[in-house]
Amino acid sequence: MLLLLLLAPLFLRPPGAGGAQTPNATSEGCQIIHPPWEGGIRYRGLTRDQVKAINFLPVDYEIEYVCRGEREVVGPKVRKCLANGSWTDMDTPSRCVRICSKSYLTLENGKVFLTGGDLPALDGARVDFRCDPDFHLVGSSRSICSQGQWSTPKPHCQVNRTPHSERRAVYIGALFPMSGGWPGGQACQPAVEMALEDVNSRRDILPDYELKLIHHDSKCDPGQATKYLYELLYNDPIKIILMPGCSSVSTLVAEAARMWNLIVLSYGSSSPALSNRQRFPTFFRTHPSATLHNPTRVKLFEKWGWKKIATIQQTTEVFTSTLDDLEERVKEAGIEITFRQSFFSDPAVPVKNLKRQDARIIVGLFYETEARKVFCEVYKERLFGKKYVWFLIGWYADNWFKIYDPSINCTVDEMTEAVEGHITTEIVMLNPANTRSISNMTSQEFVEKLTKRLKRHPEETGGFQEAPLAYDAIWALALALNKTSGGGGRSGVRLEDFNYNNQTITDQIYRAMNSSSFEGVSGHVVFDASGSRMAWTLIEQLQGGSYKKIGYYDSTKDDLSWSKTDKWIGGSPPADQTLVIKTFRFLSQKLFISVSVLSSLGIVLAVVCLSFNIYNSHVRYIQNSQPNLNNLTAVGCSLALAAVFPLGLDGYHIGRNQFPFVCQARLWLLGLGFSLGYGSMFTKIWWVHTVFTKKEEKKEWRKTLEPWKLYATVGLLVGMDVLTLAIWQIVDPLHRTIETFAKEEPKEDIDVSILPQLEHCSSRKMNTWLGIFYGYKGLLLLLGIFLAYETKSVSTEKINDHRAVGMAIYNVAVLCLITAPVTMILSSQQDAAFAFASLAIVFSSYITLVVLFVPKMRRLITRGEWQSEAQDTMKTGSSTNNNEEEKSRLLEKENRELEKIIAEKEERVSELRHQLQSRQQLRSRRHPPTPPEPSGGLPRGPPEPPDRLSCDGSRVHLLYK
């Protein structure tokens, strides 16, 4: 993009600007050249779309010619834009021409003469072959290049071989696993024997020597291999090289071989640990390292967009080191191994763990016998199908899952169902091109020849896929020994002089092996610095019970060749994990609307009651009910009812940024509504209890109720709430929190899980604040119930509606005491919690308004008591007699006056009694006592008429009523 910006002024300049130029040039750049036929041009730094959008390229810009298929550029491969607007070497055209194989231009132990063309060999070129002395040509001596093909097979030079009876034997010690974890020896041993026959029949390779094989069955067991290694080393004849098969056996053999100066060449070992040259200094293998699978696996993960994988491995060094390498590679690619399981012999528990962890993309690393155990457990756990993809090793037998295995209890049909659709990555072990190898056989001819040699079907033969590697291993050894020995007649060492103390011959064999490069039946054979084979990777998929090739990957060039023949059970590659969709549980809108309508009607009712109370505040009956407190009750009910609206608001209506404000609105509206509504009723009942009860014991408390005390009490309750809420909001404000529930699996989509979430208003110390709030509110409710019960029999006109207040307190307290804990328990059920809380608010508000205000409305309407106090005093006597309030007031006044007179009379009586007692004592001192008269006491005088103010009990009792 930066390059395009820099070149934009050049590209946008009109073609005719800048003076006279040649038709294909401009002073500011060069015109784009058309690519040659069967070829193209590589524009460095530009994409294909960018190239289509421009016509000129800047000065000093270079283009490169490339050709398709088996063609090469003839002429300049690179051209550069000159300052004069022309390209370099325009007098020489660049063409893409078909070439013949370059392998015909060299001949081992001979010379090639090219006529009729230059290198590379073009159509019409001719080559003549000549062998060196002591060699003779096998095949045609001339070949002609025509349409990219040579007219005859490539010949080779054979040495004039020593007679067979005079050739010296060179022994190879081999360990073939005929059974065990990988029974690769079943096919690899016949392949090795084929290679020995072919090598020994050649006159140009080891003409003075004959390779012979001494072998044992290692059973892919290091313990068994140790026994046979001892026999190979300590029994004659001397072996010049060792050839193990399994990685576990190769690890043992290769680590010990250096002590006997032996080269180790393996045909079936893939353990990455064997690439350690310090630990295994003399080790080579024609089987590529298992780490060669990992770049292919990572490439496929990226192709299908997988970012999370799981692994299960058999606990052996080869698989552990392979998995360690895979972990490093996926980490570099931004892919995560979420779950890693291993097992020694029983994979049941690891497979269950994979199922429990919802693993989807699973890489399995284990031998063939363990693979059957794993997939039997996979079938039992249903860990297969369109949700899962398994990546396995590709060197199992093609029908490995159909082979009878007494260690598992799954049928062939069950195993076939479990393995369907899995992917294998396999080293290309058979040359896909039908070209002739150094043995003068094509790969197809090799397969046919080996199949005839085997005693059973190739699919039932272990190691059949690795057989080409074993065949090429013998050829690599033969060529290295041939180079070490001098190739017959030339200077070299005597192989028969080798012994376990002769490091010189070992070093020469090592150098010869390290420089190996030839075409084998498995492809081009070459070893890297660690002694491992370099090769392509074949990607296959099990489709309908048989493996189908779906691609190749060349890790050295990062080139993925895809055939687009992959098939998926679900129609497409599955997701690497269950897609978790977070969904919020919102309040039922029908419930919210219904309760909102009830709340709105309640607010209207509160406004009507408030208006009624204010309008009739001059009426004595309304005045005696403390109308201002009733007004506060109506306002409190309105605020509480208004709290229903923010209580039902959630993410369905508002954004997350507005949620804290809604939380505060809920808290303040409900808190202040309760304080005003319930606080004013509590104040009434408190003062009724304080002033108008226990009058016999505390008559001095019978005072006139002062209104300011009522308002002060309400103010104290509201102030406590305001202070508490303010501190709460400042110190630990409410905010939006998310409650997450268990995942839900929808039936219609297998790769999606629903993660329900619920929004809450909460704070860090939510439980502490609720404890404080509910604590003193609960005490007020309980105290209100107690006071309402204590004052139920009190009759007073100062607060004439205290019984209605008590009834309202009962209802509010019961609803609140039940609803508060229930809503806390049901907080995770948004509909139930909202229904309980909102309906409790609505019902308590409705009950309070109806109980307090409806009787007053009914009384004023039915009795017509709409007069004020001034109007009431101007009424006639009949009206006065009908006014119970006035009579009550007059009787109370008279009662107080009579009580004062009675107290004075009682004091006078007490004083007279004291005087009488004093006189009696004085008389008794002057005259002796005389017997009392039968009547006793003082002489009775005429009875006095009862005084109007005498302390008659019935009268006093009447006054106290």
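Heads up, residue numbers simply count up from 1 along the chain you see.
Just so it is clear, glycine is given a Cβ too, placed from its N, Cα and C backbone atoms.
Among the candidates Asn84, Asn160, the residue that Swiss-Prot annotates as N-linked glycosylation site is Asn84. The candidate list Glu460, Glu466, Glu496 contains one residue that Swiss-Prot assigns to the 4-aminobutanoate site with Ser247, Ser270, His287, Tyr367, namely Glu466.
Per Swiss-Prot, the residue from Cys145, Cys157 that shares a disulphide bond with Cys131 is Cys157. Looking at Asn24, Asn631, Swiss-Prot tags one of them with N-linked glycosylation site, and that residue is Asn24. As a quick check, the transmembrane segment (769-789) and the transmembrane segment (668-688) clear the bar of 3 or more Cβ pairs under 8 A, pairs 6 or more apart, so the two touch.
Among the record's phaclofen binders, Ser247, Ser270, His287, Glu466, no two C-alpha atoms are more than 13 Å apart, and one pair sits at exactly that spread.
Long-range Cβ proximity for Tyr367 (4-aminobutanoate binding site), meaning a same-chain Cβ under 8 A and a gap of 6 or more residues, is found for Gly180, Gly181, Trp182, Cys220, Gln314, Thr316. Here His287 (4-aminobutanoate binding site) is compared against the glycosylation sites Asn84, Asn409, Asn440, Asn482, Asn514, and the shortest C-alpha distance is to Asn514.
Contact check: the transmembrane segment (805-825) against the transmembrane segment (668-688) gives at least three Cβ pairs closer than 8 Å, residues 6 or more apart, which meets the contact criterion. What surrounds the 4-aminobutanoate site, by Cβ distance within 8 Å of the Cβ centroid and not counting Ser247, Ser270, His287, Tyr367, Glu466, is the set Trp182, Gly184, Gly245, Cys246, Gly268, Ser269, Ser271, Ala290, Val318, Trp395 from the same chain.
For the recorded positions Ser247, Asn502, the greatest number of Cβ atoms within 10 Å around a candidate Cβ is found at Ser247. When the recorded positions Ser270, Asn440, Asn482, Asn514 are scored by other C-beta atoms within 10 Å, Ser270 scores highest. Just going by CB pairs under 8 A, the stretch in 632-652, 711-731, 834-854 that sits most against the transmembrane segment (668-688) is 632-652.
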